[in-house]
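First up is the structure itself, then whatever we jot down about it.
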Amino acid sequence: MSSLSGKVQTVLGPIHPEQLGRTLTHEHLSMTFECCYCPPPAHQGTLSDAPILMKNLFWVKQNPYSNKENLLLSQEIEAITEEIMIFKAAGGGSIVENTTTGISRDIKMLKKMAEETGVNIISGAGFYVDATHSSSTRSMTVEQLTEVLVNEVLQGADGTNIKCGIIGEIGCSWPLTESEKKVLQATAEAQSQLGCPVNIHPGRNSDAPFHIIQILQEAGADISKTVMSHLDRTIFDETKLLEFAKLGSYLEYDLFGTEMLNYQFNQAVDMPSDNDRIKMLRLLINEGYEDRIVVSHDIHTKNRLLKYGGHGYSHILNNIVPKMLVRGISQQCVDKILLENPKQWLTFK
């Protein structure tokens, strides 16, 4: 049994689970996303290097990965700190920060934000998708990768003594690469040693979450303490969603606020609206899965910040919760999704 058993580990140290309050389970507060830059069409090429202005804001919102400045969330620390305070004023208590190795995790900055705002911040250990893996990461064995993950939780990350409180988001592509498979196997082994929560970023294919769960199970993971992220852009068929729900992971709808005509990473996909997301939550609740749902915004680009006319970290509390209540989701279920389920997930076994 880990010394962290029964506790939640924040960047400021362990806390009692009851101290979490309303929790966003998948956000980014300081990161860069240059790994996923998408060059714009030739006739719009100058927009890639343009500053974000009112006159190009619609274009940036529809093509968020084609504007280089938009991918540098770590430039907006002051604005993000202010927005965390707005989240707190709206009734928020904790944020799980899922930035891992490969997309510029800054755990020192997360500690500073937690100290300045009084909001609990839980940092993620691990590695993002294969495209961000270094040659040294790719050359590691499962045992070596496991040691890295365990050390980031027990000793500290990035050369500091600031410790991660989850493993994840662990990045997976579609199809899964060999390096990503090793990281998944290491994640399962580290989780079995630590009893810690895990968060997975699946590839953009409806079969990806199933494949990932199979690999984790075979490697000894605790699926009941594992979150499958981004289901709102991954599984659209209701029957398939309910089939996946039976596997026992937490079901994360974490793109609230993302309503766009153009989903750059998969042009064949219609990104659901927030109203569509609420419908899927209601379906899962009606089928008995209210204990397995968690929600968030996954803010990872500047355009989604309040500073740039976006929804910010308070969107779920200010705008989505009232709509959930109007649309047939009880206050008891809302509290489970925002309070109880994150608490159960984040508490070390």
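Each Cβ is built from the backbone N, Cα and C atoms, and glycine gets one as well.
According to Swiss-Prot, the protein has these features:
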BINDING   H26, H28, E169, D298  divalent metal cation 1 binding site
BINDING   E169, H201, H230  divalent metal cation 2 binding site
Remark   = Ranked by how many other Cβ atoms lie within 10 Å of their Cβ, the binding-site residues E169, D298 are led by E169
Request  = Determine, to the nearest whole angstrom, how far the Cα atom of H230 (divalent metal cation 2 binding site) is from the Cα atom of E169 (divalent metal cation 1 binding site).
outcome  = 11
Message = I'm trying to understand the geometry here, so how far is the Cα atom of H201 (divalent metal cation 2 binding site) from the Cα atom of H28 (divalent metal cation 1 binding site), in Å to the nearest whole number?
response = 13
Query = Same-chain residues six or more away whose CB lies under 8 A from the CB of H28 (divalent metal cation 1 binding site)?
reply = L73, E97, N98, T99, I103, D298, I299, H300
Query = Inside 8 A of the center formed by the CB atoms of H26, H28, E169, D298, which other residues of the chain have their CB, for the recorded divalent metal cation 1 site?
reply = E27, V96, E97, N98, T99, N199, H201, S229, D254, S296, I299, H300
In three-state DSSP terms, the structure that E169 (divalent metal cation 1 binding site) belongs to = strand
Other residues, Cβ within 8 Å of E169, H201, H230 Cβ centroid (divalent metal cation 2 site) = H26, N98, G168, I170, G171, C172, N199, I200, P202, S229, D254, D298
Query = Around H230 (divalent metal cation 2 binding site), how many other CB atoms lie within 10 A of its CB?
reply = 21
Query = Just counting, how many other CB atoms are there within 10 A of the CB of H26 (divalent metal cation 1 binding site)?
reply = 27
